Amino acid sequence: MLDQPLSHLCLLKFLKYLRDTLFLLAFELAKPRIESAFFHSPSSSSAMSSQPLSPNNFSDLFDSVEAFLFDCDGVIWKGDELIQGVPQTLRMLRSKGKKIVFVTNNSWKSRSQYAQKFHSLGISVSQDEIFSSSFAAAMYLKVKDFPSQNKVYVIGGEGILEELQLAGITAFGGPDDANKTIDLKQNCFVEHDKSVGAVVVGIDPNINYYKLQYGTLCIRENPGCLFIATNRDAVGHMTALQEWPGAGCMVAAICGSTQKEPVVVGKPSTFMMEFLLKKFNVSCSKMCMVGDRLDTDILFGQNAGCKTLLVLSGVTTQSALQDPSNDIQPDYYTKKISDMLDLSKA
């Protein structure tokens with residue numbers, strides 16, 4: 001009478017063991033796929049490591065690109081000094097039928113002023129080939145139908161003022177406020193224009209307390225006043241020998257005093273790309289963004305769907321590029337843009 005229950009119990013234990021064994025076997029078979037999905041994401045830096053530009057891959061890049069987009073500071077020049085081999089490289093690209101565009105975050109100059117700088121350095125460039133963040137700020141207000149009765153207060157250079165005026169927008173501030181001071185006595189009070197509908201902040205070597213207060217008052221007290229940043233670069237090559245605080249420092253000051261975040265029109269925002277596409281009629285997949293900054297130039301190219309080439313002639317070092325904490329990986333990297341000239345001869 002006892003044999004039947006014991007046999008039944010043994011069978012149940014065997015079936016449970018078989019079930020558990022099959023489950024573990026299925027898990028082991030699926031384990032590589034699970035690990036691949038969760039621990040080896042295609043977006044990880046190891047899966048997207050950059051390639052050094054070389055004879056083995058240069059033709060793949062060169063033949064697939066119709067337009068090269070170049071940053072200026074740290075790529076074309078440092079301060080007022082050309083980087084070695086730049087004119088020859090640009091001539092080679094033009095001779096091969098490549099379109100050339102210059103996309104700079106430096107808002108200190110207007111497009112016409114940048115064209116003059118190129119010419120003074122012996123490089124022939126059309127104003128239509130230059131896209132600056134000062135131009136982007138003006139175009140942003142233009143496409144937003146900025147009211148004609150409103151004004152723009154500028155913390156920045158003449159380049160922003162000129163581009164705004166060319167767009168038919170009334171602007172003031174900038175260099176005109178460079179020498180204004182504030183005496184913080186008990187009855188100190190700064191009057192501001194209530195018709196200011198936007199404050200544009202860019203690189204400003206003449207930044208002062210008056211400008212910060214005036215911009216802050218406009219943003220905080222004028223209803224609907226826009227806060228626009230040309231860019232947020234932390235540093236830049238204002239001279240050949242040193243990096244200097246960039247527009248991001250001025251922007252951060254206004255962010256702190258207003259507790260507001262700006263609309264950023266320069267790189268890595270793709271706002272300028274809309275104008276590039278209309279102007280040159282080239283798809284993003286056939287463009288290559290060449291720059292020296294990971295967080296602006298390279299990210300701009302990636303955001304737009306372009307190929308990307310980092311040059312180590314500016315602010316980014318190879319050790320910074322290959323640091324495990326860096327998650328912005330360009331498609332290619334090289335020392336300077338003239339390496340393309342050398343590789344084209346190989």
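FYI, residue positions are counted from 1 along the chain as it appears here.
Quick reminder: no glycine exception, Cβ is built from N, Cα and C everywhere.
What TrEMBL lists as Mg(2+) binding site is D71, D73, D292. Annotated active site, nucleophile per TrEMBL: D71, in sequence order. Here TrEMBL flags D73 as active site, proton donor. Annotation source TrEMBL lists substrate binding site at K267.
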Beyond the site residues D71, D73, D292: chain residues whose C-beta lies within 8 Å of the centroid, for Mg(2+): C72, G74, V75, I76, T104, G236, H237, G291, R293, D297, V311, G314, V315
Cβ contacts of D71 (Mg(2+) binding site) (under 8 Å, same chain, 6 or more positions away): F102, V103, T104, N105, K267, M289, V290, G291, D292, R293, T296, D297, G314
Fewest other Cβ within 10 angstroms of its own Cβ, chosen from the binding-site residues D73, D292: D73
Around the Cβ of K267 (substrate binding site), the count of other Cβ atoms that are within 10 Å: 32
